[in-house]
Amino acid sequence: MESPAFSKPLKDKINPWGPLIIMGILVRAGASVQRDSPHQVFNVTWKITNLMTGQTANATSLLGTMTDTFPKLYFDLCDLVGDNWDDPEPDIGDGCRSPGGRKRTRLYDFYVCPGHTVLTGCGGPREGYCGKWGCETTGQAYWKPSSSWDLISLKRGNTPKGQGPCFDSSVGSGSIQGATPGGRCNPLVLEFTDAGKRASWDAPKTWGLRLYRSTGADPVTLFSLTRQVLNVGPRVPIGPNPVITEQLPPSQPVQIMLPRPPRPPPSGAASMVPGAPPPSQQPGTGDRLLNLVEGAYQALNLTSPDKTQECWLCLVSGPPYYEGVAVLGTYSNHTSAPANCSVTSQHKLTLSEVTGQGLCIGAVPKTHQALCNTTQKTSDGSYYLASPAGTIWACSTGLTPCLSTTVLNLTTDYCVLVELWPKVTYHSPNYVYGQFGKKTKYKREPVSLTLALLLGGLTMGGIAAGVGTGTTALVATKQFEQLQAAIHTDLGALEKSVSALEKSLTSLSEVVLQNRRGLDLLFLKEGGLCAALKKECCFYADHTGVVRDSMAKLRERLNQRQKLFESGQGWFEGLFNRSPWFTTLISTIMGPLIVLLLILLFGPCILNRLVQFVKDRISVVQALVLTQQYHQLKSIDPEEVESRE
């Protein structure tokens, strides 16, 4: 992969294996150093400044990538001019000092000439870079000046009617209808051209603006356009090298102590303020590795309990340490950069192993179409696609939580939605026991199952898709989040270790170079140490700047992933993460509360049914008792009696 230029000039070299050591560290870290990710979100500020007065006419900030942060800039012509033009004329008056001058200013056309690329004969700042006709590239004039190569276009906005808007409402003219703050009645709109969106804005660029008058000299003002990108400066460590001190063995399990009832303070004793809790210590290497394996076991045990009756989970000690599983998911669409994607990071990590089939976006080449179950094309427009919680976009330019459709439409970049899993292998007990037994015959190499194959799709499928259908789904999702937190902690510790090694190597190289200079002085008569050793090439190439940049970028990306993970956590899940006693209390009283609620809901109905049933049975018994005590009289038909008579 492509690497940036060396951060320092070439120096004398005493150790030719230095670059190889640095490359080994980079491979160990699993990071590849390239140019900035095109999907990286920055805080970009565009500033328009009057070069004659130094005042800022407009300062607009927005979040976005370096490809689509080119907004329309709105400001007033009088913000560029100030109180007076450089050479006021009688028909212009005092420029923008008075309402009449502001009103007369908007009656004139204007034209703009670039100062960043001055054509022959266009003059300098005194002429506003408009020394002759044909130098103008944009403006608002009857001949419609335009250009195909300039970076901006500047036109008038919606110019208000009447003289009211030219009066300043803040200095006693508020009673005048239409008065505005500052009396701004010459609105301008600055837009970036296609050439401006492709240009480099590393330094300010200058233009000259002139009012067009039929007679006399055209007044001039100069302005600059600057792009400022918020960036995080380098972190400078203070203290001992933490590489060795961080290699701690696994900590012993903490014995749980039952809380004791508080004792009342003795009479007359002064009230004691409890001290602040001790700061939490960062886990050592042993704890981090055990957390990864323990998180893998908990997630596997809740999803496939039959596989964890007796098994061995082994953490792979060589790279790659992580692998990706392509998944299908529903991403969120944002018109502006989300807050969890606004962390300024300039690096990218790559995955050397991606399996499965999932959601792909962009122009996927034929060599990688096997990873795509569904391929979506991005539509026109500028918006951002944020990956669901627990997933990340694996692009041809690196890993990123957010995608910019502007970048996808302008480049050949493509991305796959993946889950990130640690490289943990699953082995049956027979395989592990066989490694320690004495065998004369060996079976063929067994197939190693990794955690990604066993749990792939846990975020977007299976359990996570069934959230709300039962407690098992919630618990399993919780275990998956614990595993993701362990992965994040391990990556952060890996970044810190490599950064400390890089600084140690830099210190060592400085000592070696000092020794080299001393040897050159000793062998000065022979032409220096290189000539005395009869070596043709004796230079030291410092590659530590590459490692330093890579680690700074890795640290910032981890912060970005942490914010994305926290933003994707629901309120119900966060409720149980606040304190352990709250979780225990809820799980203890949840059962009785549910039973009590069911009794209150269905108890009255069941009781009424029971009372009605008892009443019916009692009425039947009463009827039987009355029937036995009385005899029914025989009914006589009157017709039959008459017939007898």
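Note that the numbers count up from 1, one per residue, in the order the chain is shown.
Glycine too: its Cβ is placed from the backbone N, Cα and C atoms.
Per Swiss-Prot, these features apply:
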- 32-237: region 'Receptor-binding domain (RBD)' (REGION)
- 34-585: topological domain 'Extracellular' (TOPO_DOM)
- C113-C130: disulfide bond (DISULFID)
- C122-C135: disulfide bond (DISULFID)
- 259-286: region 'Disordered' (REGION)
- C311-C314: disulfide bond (DISULFID)
- C341-C395: disulfide bond (DISULFID)
- C360-C372: disulfide bond (DISULFID)
- C402-C415: disulfide bond (DISULFID)
- 447-467: region 'Fusion peptide' (REGION)
- 513-529: region 'Immunosuppression' (REGION)
- C530-C537: disulfide bond (DISULFID)
- 630-633: motif 'YXXL motif' (MOTIF)
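On the structure: features taken from Swiss-Prot.
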residue	record	DSSP class
C113	disulfide bond	strand
C122	disulfide bond	coil
C130	disulfide bond	coil
C135	disulfide bond	coil
C311	disulfide bond	coil
C341	disulfide bond	helix
C360	disulfide bond	strand
C395	disulfide bond	strand
C402	disulfide bond	strand
Rank the disulfide-bonded residues C130, C372 by the number of other Cβ atoms within 10 Å of each Cβ, and give the residue at the low end. C372
Across the region 'Immunosuppression' (513-529), DSSP yields 11 helix, 0 strand, 6 coil
Given the disulfide-bonded residues C113, C372, C395, C415, which one's Cα is the least distant from that of C530 (disulfide bond)? C395
Can you give me the Cα-Cα distance between C135 (disulfide bond) and C372 (disulfide bond) in Å, rounded to a whole number? 52
Taking the Cβ of C415 (disulfide bond) as the reference point, list residues of the same chain whose Cβ is under 8 angstroms away and which are at least six residues distant in sequence. C360, I361, G362, W393, A394, C395, S396, T400, L403, L408
Name the residues of the same chain, 6+ apart in sequence, whose Cβ is under 8 Å from the Cβ of C122 (disulfide bond)? C113, Y129, C130, G131, K132, C135
Rounded to the nearest Å, what's the C-alpha distance separating C372 (disulfide bond) and C314 (disulfide bond)? Just drop the number here, would you? 30
Please report how many Å separate the Cα atom of C311 (disulfide bond) from that of C341 (disulfide bond), as a whole number. 40
Site of maximum Cβ density within 10 Å, from disulfide-bonded residues C113, C311, C314, C395: C113
Residues that sit under 8 angstroms from C402 (disulfide bond) by C-beta distance, when 6+ apart in the chain: H39, V41, A337, P338, C341, Y384, L385, A386, S387, W393
Please state whether DSSP places C372 (disulfide bond) in a helix, a strand or coil. strand
Across all protein chains shown, the disulfide-bonded residues C135, C341, C360, C530 give the max Cβ-within-10 Å count at C341
Per-residue pLDDT averaged over the motif 'YXXL motif' (630-633), given as an integer: 64
